[in-house]
Amino acid sequence: MKEKKPRLFGTSGIRGRFGEKVTLELTAEHRKALATHLGGDGEVVVGYDTRTSSQLLENALIAGIVECGCDVTRLGMVPTPLVGYAASRLGAAAGVMITASHNPAPYNGIKLWNPDGMAYRPSQERVIESIIHSRDFKRKAWDELGSITTVDMRDDYVRAVLETVEIKKPLKVVIDSGCGAASHLSPLIFRKAGCRVITLNSQPDGFFPGRDPEPVPENLSELMETVRSTGADLGIAHDGDADRMVAIDDQGRFASFDKLLALMAREIGGKIITTVDASLCVDECLGDRGEVIRTRVGDVHVANTIAEEGARFGGEPSGTWLHPDFCMCPDGILSALRVAELVSARGPLSELLEEVPSYPNIRDKVPCPDEKKDIIMERVAAELSDQFSETSDINTIDGVRISLDDGSWVLVRPSGTEPYIRITLEGKTEEKARYIHERTRGYLENVIG
């Protein structure tokens, strides 16, 4: 029986603890595989975040790329959106970002980008994995090695971003970059856009001394309090690589991811791409101004569907947004500026958020051994709808999403990183949400055993 090779790529590139899953050896092999895949020809742009292991990994990565014949353009310590932008702007064969995004300091990772700034698709990642497992690297002779150059793309990126936004009136904005890769760039762009900026955690530091890189409410108490105490119009927080952003309204409250996505969808209109776990409020807020199309969870799937549908905007309910008029790479800095643009034109964010309907939601997980996930999900697809008498639609593009006649819904998906089956649901009322949760969890506990 042929041995099954382990998957190296997860839902967002290769990611894990440095020295354990993410090692110098794996990084070098990964880069050799990329350069081999590219035929030992072309330019690869490389950036990294503020983590203590990032420059070390960059050195291993560059060595592997050059050894197999590709040229390297070093961007330095930059946020992920700048890597995607540089890949498309410079006509590179690929882009590489060394980052673990929102994960804690001991973690690091590698994510790949296409020439149009879109993340590598799963099919492309499997090709890289196959080359790594086979060790069929196409090394070059001493006189065919790639070259290494360093380019500063920050000014170019700043100019390009500012051309796409217009802050109609000056705003006071508090920016918490979390000591990540946007620590200098995000405040700089906001100032150039005409905002008065107060910064928190704006010193690049891979130990993340100010807060955890994950921009969730429990990590943003200082930002929320600063917005309140300074009378700011808006608060912005980024994760470690700034492919995401979150917003704090003018009352110092965390802005719901789904509601913020809904507001931006309404503002832009047309075809809007989001994921199967996004709230019904996105559909209701957009109304007849456009169409919501749902796809699999993950920014690469959102990007692919944007390209296929010719959509004007797409995003996940995690603060990961894509703006195809600029670049197909998720961009937390541009997203934050467009929220500021919305506030400057439409009024206080707290009032705008009140215009978006709220529905009770529940997120839960049920223990399930990894080896049982496939068979359990087959049963879920065939049987879960029987738990409800008013099913209107079943979507199996990513897990199983069941919509009920009143718009309530439940999504069941296997975790890609933990031994759990995850439940996400939304009910039109608290009672309906509890009912859906009880029926779904009870069913899963019964079939998992």
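Every residue, even glycine, has its Cβ placed from backbone N, Cα and C.
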Ask   = Same Mg(2+) site as D239, D241, D243 according to Swiss-Prot: which of S101, S123, S385, S389?
value = S101
Request  = Give the sequence-ordered list of residues that share a chain with D239 (Mg(2+) binding site), lie 6 or more positions from it, and have CB atoms under 8 Å from its CB.
outcome  = S101, H102, G178, G180, P213, E214, P215, G332
Ask   = What same-chain residues, at least 6 away in sequence, bring their CB to under 8 Å of the CB of D241 (Mg(2+) binding site)?
value = D49, P79, T80, M97, T99, S101, G180, A181, A182
Query = CB neighbours of S101 (Mg(2+) binding site) within 10 A?
reply = 25
